[in-house]
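Peer 1: One structure, pasted below without further comment.
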């Protein structure tokens with residue numbers, strides 16, 4: 001939306017063309033006549049819009065979705081918010097938005113008034129440069145406005161902890177926490193799996209729910225329960241709810257699902 005606002009700032013009426021209801025579409029279409037990259041984006045957008053229309057006409061939307069997934073893995077289900085910004089969104093996913101904006105900046109006299117943002121000799125190139133970073137990312141899973149929360153899933157939190165916790169365990173192998181299975185010689189692998197699953201469910205309930213947002217998370221934060229005890233590493237997280245802020249800390253052993261000999 002912000003990029004579209006920059007693109008529409010003081011756009012010439014000739015550049016807007018006859019598609020006054022969708023000036024961004026008119027701009028991309030006109031730029032696509034002389035810029036091959038923008039032309040490819042126009043073709044992809046037309047395909048996406050046709051797929052969205054065919055999906056609306058189908059009584060069951062599963063078959064068009066399968067055909068869509070077979071053509072490209074980057075084609076997600078289009079929501080109303082995605083269709084609203086489909087031109088900039090498609091160029092971003094295809095990693096060419098920065099090149100298109102740079103082309104528009106280099107040929108700004110064709111499309112913009114002299115006082116326009118993209119016609120500015122400083123602001124125009126800066127905008128194109130700022131888009132290089134977002135265009136370098138892989139948008140394999142886009143979040144939409146209908147999500148209940150925006151914090152990472154519990155699986156991702158556990159993976160982050162294990163990735164960052166490997167270095168500490170390699171430096172001090174003697175302090176590695178004992179596996180929970182050592183305390184349960186009489187129990188089989190099934191009970192151990194249940195134990196790990198219950199610990200994982202606890203982590204999910206602690207760090208992921210629809211009522212709070214994760215604002216900050218940090219691995220290997222040391223907490224000393226008592227003066228005569230060693231500091232224990234754990235996962236520290238700050239959560240925001242509708243009326244309060246909550247600070248939570250979970251020991252690393254519980255994050256791994258292995259309590260060991262610790263009380």
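Our numbering is plain: 1 for the first residue shown, then up by one each step along the chain.
Placed from the backbone N, Cα and C atoms, the Cβ positions cover glycine too.
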Peer 1: In TrEMBL, which of 30-52, 53-75, 76-98 is labelled region 'Disordered'?
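Peer 2: Residues 53-75 are the ones TrEMBL records as region 'Disordered'.
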Peer 1: What average pLDDT is reported by the model for the domain 'RUN' (1-147)?
Peer 2: 82
